[in-house]
Amino acid sequence: MASVEILTEASLLAPGFRQMDLRTLDMLKLLQTAGLNENETIISAGNESKTCLLDSFFPETVGTAVTPLLAWGCLVLMGTFVAKSPLRSLSLQRSWQELTTGRQSRLNMLDCFRVIAILWVMMNHTGSEGRVDILDRLPSAETFKHNVHTHPIFGALLGNSALGVEVFLVLSGMLGARSWLRNAEDDFWSHYRSFIGRRILRLFPSIAFFVYLAAGPIMKAVLPRYTSTMISDCGLQGLLSHLTFTGNWQSTPTCMGYLWYLGLDMQLHLALPFLLHLLVSNKVRGLAVIFATIATSCVLRAAHCSIYGVCNKSDVDIPFISYPDSDPIEILKAYEGLWDMYARPYTKCGPFLVGVLLGYATVYIKAEFSPRFSSTLFTASALTCVGVIYAILPEYWYPEMSTNLYNLSYTATFRTIFSIGICGMIAALYWRKNSVQVSPLWSILARLTFSVYLLHMPIVYIFNHLPYLQTAHGAVELLVVLPFVSILSFFAAIIFYLFIESPIGNLSNQCAKQLGL
């Protein structure tokens, strides 16, 4: 029988047990004294009611779960092969054309940033959920994390791989601002309803379809470890949090925690029009409010890391955070603090707002950079990003140094400074006299990134069964596996895009027009 200390720490850190309190710890000790099996008791007590409630909203068997999927597939095929069908908007040819049609715009280079960002995110998750010992918090996980940290080249790149999220936030803020500003002179509330309504109609159906697929018996039969780790503690409330775009407000990321970004992004878009309306009507006041909000967000990050004692854990990536020989309650507090600092809009809005400012500038500022100046700005901005990534190294070198000035300052500002560097690179390319030509392949891959984001985690769980990854000693082996995870994820995303995202998107556009959005 495992000791109470070992069991408790593993339970607190595992996705389904991060809300365990002192009473549960006392119960565990009593259970050990009574000679009971702690694992079975915890699972039974903590998950039974949630599982029953969740099962009541999903088909009981794989066969019944597959039936509506087959029905939808038949509708798509009818729209594809039946001439003059009213279902032509679901056609695979139409979806394929949307996926592969080239775009002629100065913003084409954003596709490169988007694809690199999703690859970075997949790298992060392959190093965490892809490793069984990390999921189960086994001793070998400590060796793996240590080797990753100490790699002279890839250590910081992997440890700061969560910065891929900041790239998405910058792009989201920039494109959201440009979208709103196209009709900034319209009546505010009608424009607001259209802006938010169209976004919800575009995202919600694909998310709902994925939740149905991931939380039902199909995924349980195909990838039981994914279900036991990501779904077993969901309950109806956890799933609804993603369907209502509030997943980032879960107390801890227990239910498909990687989908937290969907809620954050939607909440920032809900606030975006108010900031842009102020910026258009009064530029000085609007800029002052945005800059003050960015600064406040940095201050709140500093306050959070000080209160929770995690200023030396700025990366916030589960596979690369370690609290050896720590009290389990303190570990739980640290993880709650990290999650609070990582997923809430008031501590995460800085990069988004930096992107908003760039989007505003691209609409109202007409400029033309010489190739030399553009190259200089791009290089300086890229070096800024690289500097921010590797500036985490002192935290790795001196892990016992918690709230010193360096760690406090870095944790407070590194995400925003990195985002400024990303914006500098985009600005250098956008205002370059001779626009940068981008291969159409980047556009195709970029259009798939939303589907990849939804689907890549189940793909990562396939690699739980790959001995090479499970016995990896450090960063290099992880990077070797990444191309295979990426290829499978993009392949799955193509199918999802052609049969789900694009057809449903076309129906959503029709619905938006009928609703006057």
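Even glycines carry a Cβ here, placed using N, Cα and C.
Per-residue pLDDT, averaged across the domain 'Acyltransferase 3' (110-497), gives 89. Look at TrEMBL and you will find 110-497 tagged as domain 'Acyltransferase 3'.
For 69-87 (among others), the entry in TrEMBL reads transmembrane segment.
According to TrEMBL, the transmembrane segment annotation covers 153-175 (among others).
Annotation comment: TrEMBL describes 200-219 (among others) as transmembrane segment. Remote same-chain residues near the transmembrane segment (200-219) are listed as 54, 58-62, 64-66, 69, 226-227, 230-231, 234, 239, 242-243, 256, 259, 262, 266, 450-451, 454-455, 458, 496, 500-501, 504-505, 507-509, 511-512, 517 (criterion: CB distance under 8 Å, separation of at least six residues from the stretch ends).
Taken from TrEMBL, the feature transmembrane segment applies to 258-280 (among others). When Cβ-Cβ distances below 8 Å are used as the criterion, the transmembrane segment (258-280) is approached by residues 125, 165, 168-169, 172-173, 176-177, 180-181, 184, 188, 191-192, 195-196, 199-200, 203, 207, 241-242, 245-250, 286-287, 289-290, 293, 343-345, 348-349, 352-353, 356, 360, 453-454, 457 of the same chain, each at least six residues removed from its ends.
The transmembrane segment annotation in TrEMBL covers 287-310 (among others).
Residues or ranges marked as transmembrane segment by TrEMBL: 345-365 (among others).
Look at TrEMBL and you will find 377-393 (among others) tagged as transmembrane segment.
Residues annotated as transmembrane segment in TrEMBL: 413-432 (among others).
Residues annotated as transmembrane segment in TrEMBL: 444-463 (among others).
With a cut-off of 8 Å between Cβ atoms, the residues of this chain six or more beyond the transmembrane segment (475-500) that come close are 72-73, 76, 92, 95-96, 99, 119, 122-123, 126-127, 130, 147-148, 151, 154-155, 157-158, 205-206, 209, 445, 447-449, 451-452, 454-456, 459-460, 462-463, 466, 468-469. Taken from TrEMBL, the feature transmembrane segment applies to 475-500 (among others).
Same-chain residues lying 6+ beyond the ends of the transmembrane segment (377-393) with a Cβ under 8 Å from its Cβ atoms: 155-157, 159-160, 163, 314-315, 369, 410, 414, 417-418, 420-425, 427-429. Scored on C-beta pairs under 8 angstroms, the neighbour of the transmembrane segment (153-175) with the top count among 69-87, 345-365, 413-432 is 345-365. Long-range Cβ contacts of the transmembrane segment (345-365) within its own chain (Cβ-Cβ under 8 Å, at least 6 residues beyond either end) map to 166, 169-178, 181, 248, 264-265, 267-268, 271-272, 275-276, 279, 287, 290, 293-294, 296-298, 300-301, 304, 415-416, 418-420, 422-423, 426-427, 430.
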